[in-house]
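J.: Got a structure for you, questions after.
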Amino acid sequence: VGFKAGVKEYKLTYYTPDYETKDTDILAAFRVTPQPGVPPEEAGAAVAAESSTGTWTTVWTDGLTSLDRYKGRCYHIEPVAGEENQFIAYVAYPLDLFEEGSVTNMFTSIVGNVFGFKALRALRLEDLRIPVAYVKTFQGPPHGIQVERDKLNKYGRPLLGCTIKPKLGLSAKNYGRAVYECLRGGLDFTKDDENVNSQPFMRWRDRFLFCAEAIYKSQAETGEIKGHYLNATAGTCEEMMKRAVFARELGVPIVMHDYLTGGFTANTSLAHYCRDNGLLLHIHRAMHAVIDRQKNHGIHFRVLAKALRMSGGDHIHSGTVVGKLEGERDITLGFVDLLRDDFIEKDRSRGIYFTQDWVSLPGVLPVASGGIHVWHMPALTEIFGDDSVLQFGGGTLGHPWGNAPGAVANRVALEACVQARNEGRDLAREGNEIIREACKWSPELAAACE
């Protein structure tokens, strides 16, 4: 027999500290918490093995392939500052292990099996470096930031949105009315809630019809292009595509998808359809916290955001930064840049473990949504800049005078902040004053500020 059977240490094969990473490798940074007594090198090597070619023993078919060409390699390990028994293990995967243009296959390979591994107490995927050669096999976002601005004819400011509430229970006609009021007041977009699909109280086709009516009516009144994120998420891919086709037939500008609950395969199909048919695609991240909330186990949202840019979407929810802890701000802005920019430098203070080159893959607009209102507008304008969508749900619909005045208040606040910024004023310091000044000209804003 040419080999010894039996259990062997992973680090003999898969821990290669002198490996020079290739430009075509997919690189991963894992936060590893080994079980007591397991050395970090063994834990890191185990991750590399289990997420690539390895199994727990030598098998005779190993002789039929070139392990050196196909194995994942743990090439560097560093302790995590301030945590005991946590390490960052860097793993390099040869590109040949992955199917072209498939986020699904990339995740199945890298995170499919290894998270249940006994030698690890916990494991978190912190970041991925996607090589240019692999990026080029993806279509990416259907349109991207610049094309979206051209389609909507809106420049030099963030876009404004609003989720229609109450999210469940309205009839289609009343729902359409709420959409119309918001758009008429000055918002660019309104949004289906992520769990509005096609329930007994409001079937999807009725909702699409009444929302389209609201869009056309408000466009005629305001002279601006309007949109409503029609949620096409469904129980089957076929049904999802049927909804997207109907949206296209109505001539509306944008549809929406829940990419984690719907799955990457469905999302990529929808993104391809959207590019072929001129629809923008808004992405909601329902279920993300199940995956990304634990600090020591799961997948960091920046990886899910990168995956979405590859799979395809023109907007994605990315948190608000406002009112959160300071440390969160840098981390959030780190993955906001990963969504928007062509080239992002490695910067550990912002949680970016690798330099990422997206070559010419279109960018994604980050969406700030959840618990924000007009007083946050100066901070949001400063933090997110022009290329973003700011969504005020309760902040619009909670206005004492109704939806349209609520929309007016948000639009006035936004225009005031953009104008102040363009005049060189400091939004962080003078924010409240800027909003108060604008209140003098807008009774709607004044009412919202009380």
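Glycine is no exception: its Cβ is also placed from the backbone N, Cα and C atoms.
Feature annotation from Swiss-Prot assigns active site, proton acceptor to Lys165, His284. According to Swiss-Prot, the feature substrate binding site maps to Asn113, Thr163, Lys167, Arg285, His317, Ser369. The Mg(2+) binding site annotation in Swiss-Prot covers Lys191, Asp193, Glu194, and the record cites sequence analysis as its basis. Marked as N6,N6,N6-trimethyllysine by Swiss-Prot: Lys4. For Lys191, the entry in Swiss-Prot reads N6-carboxylysine. Annotated site 'Transition state stabilizer' per Swiss-Prot: Lys324, in sequence order.
What does the local environment look like for each feature on the list?
T.: Other C-beta atoms found within 10 angstroms of the C-beta of Lys165 (active site, proton acceptor) number 16, with every protein chain shown included.
According to DSSP, His284 (active site, proton acceptor) is assigned to a strand segment. Under a cutoff of 8 A between CB atoms, and with a sequence separation of 6+ in the same chain, the neighbours of His284 (active site, proton acceptor) are Glu194, Asn231, Met256, His257, Asp258, Tyr259, Ile316, His317.
Counting only residues at least six positions away in the same chain, the Cβ atoms of Gly161, Thr163, His317, Thr320, Val389, Leu390, Gln391, Gly393 sit under 8 Å from the Cβ of Ser369 (substrate binding site). The secondary structure of Ser369 (substrate binding site), as reduced to three states from DSSP, is extended strand.
The DSSP secondary structure for Glu194 (Mg(2+) binding site) is coil.
Cβ neighbour count for Lys191 (Mg(2+) binding site): 30 (other Cβ atoms within 10 Å of its Cβ, all protein chains included).
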J.: Counting other Cβ atoms within 10 Å of each Cβ, which of the binding-site residues Asn113, Thr163 scores lowest?
T.: Asn113
J.: In which DSSP state, out of helix, strand and coil, do we find His317 (substrate binding site)?
T.: strand
J.: Between the Cα atoms of Asn113 (substrate binding site) and Asp193 (Mg(2+) binding site), find the distance and write it as a whole number of Å.
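T.: One finds 33 Å between the Cα atoms of these residues.
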J.: Under 8 Å Cβ to Cβ from Asp193 (Mg(2+) binding site), same chain, six or more residues apart: give me those in sequence order, or none if nothing qualifies.
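T.: Within the chain, Asp193 (Mg(2+) binding site) has Cβ neighbours under 8 Å at Thr163, Ile164, Lys165, Lys167, Leu168, Asn231.
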J.: Should Asn113 (substrate binding site) be counted as helix, strand, or coil on the basis of DSSP?
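T.: In the DSSP reduction, Asn113 (substrate binding site) maps to coil.
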J.: Inside 10 Å of the Cβ of His317 (substrate binding site), count up the other Cβ atoms and send me the figure.
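T.: So the number of other Cβ atoms within 10 Å of His317 (substrate binding site) is 22.
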